[in-house]
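Visitor: Pasting the feature list from TrEMBL:
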type     : residues : note
DOMAIN   : 36-382   : domain 'Orn/DAP/Arg decarboxylase 2 C-terminal'
DOMAIN   : 43-287   : domain 'Orn/DAP/Arg decarboxylase 2 N-terminal'
MOD_RES  : K64      : N6-(pyridoxal phosphate)lysine
ACT_SITE : C355     : active site, proton donor
Amino acid sequence: MKPMGPIPPDFAEQRGVLAIAGRAAAEWADAGTPLFVYDPAIVAARVRRFRAAFADVDLHYAIKANPLPALLAAIGPLVDGLDVASAGELDRALAVKPPASISFAGPGKRDDELAAAIAAGATLHCESKGEAARTLAIAGRLGIRPRVAARVNPDVELKGSGMKMGGRPSPFGVDADRVPALVRLLIDGGADWRGFHVYAGSQALSAEAVADTQAATVALAARLAEEVGAAPPLVNLGGGFGIPYFAGDLPLDIDAVGMRLAATLAHRPPILAATRFAIELGRWLVAEAGVYLARVVDRKESGGETFLILDGGLHHQLAASGNFGTVVRRNYPLAVAHRMGEPATETASVVGPLCTPLDRLGDRVALPRAEPGDLVAVFLAGAYGATASPSAFLGHPPAAEIVAAR
Ligand SMILES: *Cc1c(COP(=O)(O)O)cnc(C)c1O
């Protein structure tokens, strides 16, 4: 038997039949399985948690975590900005938020993507000198003053994060020592310089590590601003707030992060006195709001092990199979949907229908017994689910995605 991660708090106390947004899992599944159900009330509660912990800091949603239009429509009004990373995401963001609150980061922005962002009035996060030159040239042709921030490849990294994105050679952003020259190039070229964007990592659960990174980022922004000789209107401090996915993970103490950031900002260097600060979050806002429901198609024994074979798998929920950026495969929280809170009576491996041994959503997990026709819930499916999975692999239909009414 191998441990599972913790069932998220909104579901952990449930007994009997799993309810999502007040409706039984089986009712949601009437529409057909497999499917994702998202509860926007859970996202709204996360936003309130953030607001309580961070006074006077903007909250951005990094939409790559879950760009489903109906979910974006629910989140847009709750947050101060949306961060996108392609022209496709830009279109979705523009449908729910004014352009001035949208920023577009990502290496390898094509000319047509730069043009779309400039024409819309979104803020481009410039990732290289070459991109700066293309941005200015395209803006010149369009006759529009582009809004541009500099994305910094920081000389700090987010310690203990699942995915480190700073403190090393990187395709993302511009090395800190090259940033002042880049910003001067943008300002001299007529751009409306919006400030700095620093993203140092993802999925961090240590408040101390996040707070240290934020403090280092504020110091870095001040140093760069001094070298540029101009005050940045906005500093996007990145995010990296993690959520507990696996056994032993504890939630990030965001109140502690908020207190440390308030102290950091209270003592910030004078050049940042009028600067606004933003935190951009993806998974922390949406992961716990989503449940992936799949039906047991078959159960069988092999070599003394029990296998539950579902109609859903890694083609919809790659992350739960451990094949989306994890070094060691560990189990996401799972449950038999009509036996919440019942004691486990067997150890089973929960697998998907794909012809690959990678398609395993639960490796030797302890569960109450499930029979063909029963529903299995995979929690933490609100982020990096449908759009981060190889849905064309093996030709199964896509999963439905449903946003519960608030
Ligand atoms: C992916 C990404 C995020 C969101 O990361 P989460 O771990 O989902 O919070 C935020 N900012 C940037 C620049 C990203 O690339």
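Quick reminder: no glycine exception, Cβ is built from N, Cα and C everywhere.
TrEMBL labels come from automatic prediction, so no person has curated them.
I would like each feature placed in context: is it buried or exposed, what are its neighbours, and how far apart are things?
Guide: Each residue in the domain 'Orn/DAP/Arg decarboxylase 2 C-terminal' (36-382) has a pLDDT score, and their mean in this model is 96.
DSSP assigns K64 (N6-(pyridoxal phosphate)lysine) to a helix.
C355 (active site, proton donor) counts 8 other C-beta atoms within 10 Å of its own C-beta, drawing on all protein chains shown.
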Visitor: Do you know offhand how many angstrom separate K64 (N6-(pyridoxal phosphate)lysine) and C355 (active site, proton donor) by C-alpha?
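Guide: If we compare the Cα positions of K64 (N6-(pyridoxal phosphate)lysine) and C355 (active site, proton donor), the gap is 28 Å.
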Visitor: Among all protein chains shown, how many Cβ atoms are found within 10 Å of the Cβ of K64 (N6-(pyridoxal phosphate)lysine), not counting that one?
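Guide: Neighbour count, Cβ to Cβ under the 10 Å cut-off: 19.
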